[in-house]
Amino acid sequence: MDANESRKLSLMLVLFFQVLAVTLPGCFLVASQQLPIKKPALQTLAAKGHGFSSSLVFPVTGNVYPLGYFSVSLSIGNPPKPFTLDIDTGSDLTWVQCDAPCTGCTVPKGQLYKPAKSSIVPCKDPLCAVINGGPPCKNPNEQCDFKIQYADSGSVIGVLVRDYFPLRFINGTLPRPNLTFGCAYDIDHGQHNPPPTTGVLGLGKSAASISSQLGAAGLTQNVIGQCYSAKGGGFLFIGNDPVPSSGVSWVPMLQNTMAKHYASGPADLLFGGKPTGLKGLNVIFDSGSSFTYFNSAVYEAILNLLSKDLNGKPIRQVQDPALPVCWKGAKPFKVLSDVKSYFKPFTLSFTSTKNAQLQLTLENYLIISEHGNACLGILNGAEAGLGNYNLVGDISMLDKLVIYDNERKQIGWTSANCNRIPKS
Ligand SMILES: *[C@@H]1O[C@H](CO)[C@@H](O)[C@H](O)[C@H]1NC(C)=O
Ligand SMILES: *[C@@H]1O[C@H](CO)[C@@H](O)[C@H](O)[C@H]1NC(C)=O
């Protein structure tokens, strides 16, 4: 694999491990001359006061392959400064690269977030404990530092700040809520090359996520919709207005040990519409992951199903730097429809709800690599450090509107034209 190819591989693998982001308790001090501690001013989130709420719609850029991420542009501060953020329903804290100064930041100094004294969030802020899994400091007036450890060995250390987010709601109002996020001054990219974004948009379930903060302030309902096109791009929304009133398959969010994640199940896996014997799978929906991951046993079973089914067809397995498992035909493939006659769809059939089936058509589990091979976009989660988790990544959500409804504790999807952005 040449240097250029390995760079591309790294880019694709950057974001997905964030599903397992764990925050480690502990205070990481910033030199006080850089980030002086502000006098305490405990800010509690505005209570959900009134029945009105609106929604936000953002255009999304990116693709599963070759880029490996989807991002939105958000402005922060006064005067507002734009930041490009990877969208991640698999982690909670939104963070941006920080001029504190910074180790491991990847964008020019002028594009970093420069925290003002007044924006530093003190340790006694309730969100500081949420982010750190408990009260992290002896002194409640200290700045609140955080560390997020990603399962792929990457990590981010920063300080919690609070600043204006100038927004545009679809009802026409232009609110400017103060939201809490991370100013990341020490970024370790692990074994992967950094993506060209300036941070992460955390849309997870905890009170610290941007969607939870907007919900707690009574500005939007805590509902997230993502629609990524197989052609690239798409849209993201926060709020309930763009949710279709019919045609959505809804399944309950799991409230057990997987309650930290957007998880549902149990589901049976079908191949070509037929049972595979793979039953009772719990899956996490994670927009921070480009590809889909199954635990080792399920992954091996899927490889067996595919190799049995491809037996006798004019296609053979080949090494390709794009992904671990690829197939080559007589001629290089150009588009997925070139392999339509070789591959059958998978289906995740949720047994909790009648007719709740997540169809994985070819575009939802295969890519055509730059070398013209068809490659499997389903990976072994154990090899990726995900343990026994099954994780539905972006590839399996393409051309679907996927809705994470924290108000009604359910996850929904429907097929959609994701290039048609709801008017905002
Ligand atoms: C739009 O929604 C916001 C946030 O929920 C609300 O405060 C505002 O009153 C609404 N504006 C109009 C014109 O309906
Ligand atoms: C919002 O954040 C800014 C920047 O941190 C701060 O100066 C301001 O006092 C905050 N305003 C409110 C209403 O909390």
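Quick reminder: no glycine exception, Cβ is built from N, Cα and C everywhere.
In TrEMBL, annotation is done automatically, which means it is predicted and not curated.
Marked as active site by TrEMBL: Asp88, Asp286. Residues or ranges marked as domain 'Peptidase A1' by TrEMBL: 70-414. Here TrEMBL flags 1-21 as signal peptide.
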For the domain 'Peptidase A1' (70-414), mean pLDDT (0 to 100): 94
DSSP three-state assignment for Asp286 (active site): coil
Most Cβ neighbours inside 10 Å, all chains, among the active-site residues Asp88, Asp286: Asp286
Spatial separation of Asp88 (active site) from Asp286 (active site) - C-alpha basis, Å: 7
